[in-house]
């Protein structure tokens, strides 16, 4: 718990501060996805604030329902005496700066601590001539369940609003973690909720946990996601129905600088054109029968974030022209209105159609096609990546098992049958098959016979071409991809894979466990 004050320049450029904050957010997101106790996670988040941004002596207080007050959940200090003294400190609603944040649910910013009589200085930790920021941590219902506070390492300056907004974003990230602590105090089961939190955080900030696959085609998809996520360019996701195009769009958003802004979805094929226009652009009061008040459309809802337009190939030529204008100029009018609305939205579109062919036939505007197709990502159908089916089956059964509250396993013979099927409905069909198999299984074990009852048969698809050998020294591979590639080259023999990676058998066994790699039987 080293709280040595970091050295940094007194005057900070806004762009530098913004870059530092983005890096810190990424670090905090990774921290919250780790398999650790909640108090350790909180302390590590406070360490990031202290070391990377000069937000010193961070403090997280958590609602204590038994006493109707806030108790200290974590504090960043190198003083063991201060840490021990904090154990009994509580703040009642309205008491001190922390209690005021709890009572009113608003952030409090002090330009100089000594100038504000509300500051109680119970911890004797903060410089009274320096600023202090405290922000609320709220649950989804909007109730304050904790407070995040820290002291900037410089006197009040023009960056105080930016620092405050940043702490509010961090407080939002911490909200679920703090909510778990409150639930534990209420006597709820902690382990399942902690696991759920980790899944949610990983789902948002690690696409490897959203999109499963280790074959070369999927590794190329992952590499494309990493590259394009850093840019604001429009992305066109191509693939058959059921391949997971929305998951790819979500992964792009949550790996991008827009991750803390909205991710809004719309299926263009689900609405008639008249409703589609209102849904995307919004409408003014009285624009049509039933429009009793003004309503923002999906573009406005996604302002600053990402708008995912699924089934983009289904929109009419007339509507294509309206969409093109928004992509070109970033502006539109609500239905029934004449006031121009400007938005900053990244578009990720998806289709199962061959848009290039549609352009040649005159069914899709060429200029819109090129606006959408700045970067195209093709998702391979499941029949082209059957080697991913064992890992996919494990992943999907884990998801189904959590939803149904029962453990599920699958036998090797069932996996072989699943790998022999052509899966015209792709991953969606596989998930449906596994859920039906789970329902029909007596003890949660999915056997070949159970899978056969769902209608899946051995179709013996043509053998895929041999997979090209992966360069284990490739720096674009992450740890999980590198270990899987080594295992594939070693025929899934751990000792042989360890030699390829320059590891001991114990080290690779630890990596396999911590990286959640499902070993294939040979």
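Here the Cβ of each residue, glycine as well, is placed from N, Cα and C on the backbone.
If you look up Swiss-Prot, you'll see 494-513 marked as DNA-binding region. According to Swiss-Prot, the feature ATP binding site maps to 239-246, 302-311, an assignment based on sequence analysis. Marked as domain 'GAF' by Swiss-Prot: 37-178. Taken from Swiss-Prot, the feature domain 'Sigma-54 factor interaction' applies to 211-439. Per Swiss-Prot, region 'A domain' is recorded for 1-184. What Swiss-Prot records for 440-479 is region 'Inter-domain linker'. Among the features that Swiss-Prot reports, region 'C-terminal DNA-binding domain' is placed at 480-522.
Long-range neighbours of residue 245 (ATP binding site) (same chain, six or more residues apart, CB within less than 8 Å of its CB): 237, 238, 239, 310, 350, 352, 379. Summarised as a single figure, the pLDDT of the region 'C-terminal DNA-binding domain' (480-522) averages 78. Among residues of the same chain six or more beyond the DNA-binding region (494-513), those with a C-beta under 8 A of the stretch's C-beta atoms are 472, 479, 482-483, 486-487, 519.
The secondary structure of residue 306 (ATP binding site), as reduced to three states from DSSP, is extended strand. Per DSSP, the region 'C-terminal DNA-binding domain' (480-522) is made up of 28 helix, 0 strand, 15 coil.
According to DSSP, residue 245 (ATP binding site) sits within a helical segment.
A 10 Å cutoff on Cβ-Cβ distances gives residue 242 (ATP binding site) a total of 20 other Cβ atoms nearby, all chains included.
According to its DSSP assignment, residue 239 (ATP binding site) is coil.
When other Cβ atoms within 10 Å of the Cβ of residue 306 (ATP binding site) are tallied across all protein chains shown, the result is 24. Considering only the binding-site residues 239, 303, 309, the Cβ with the fewest other Cβ atoms within 10 Å is that of 303.
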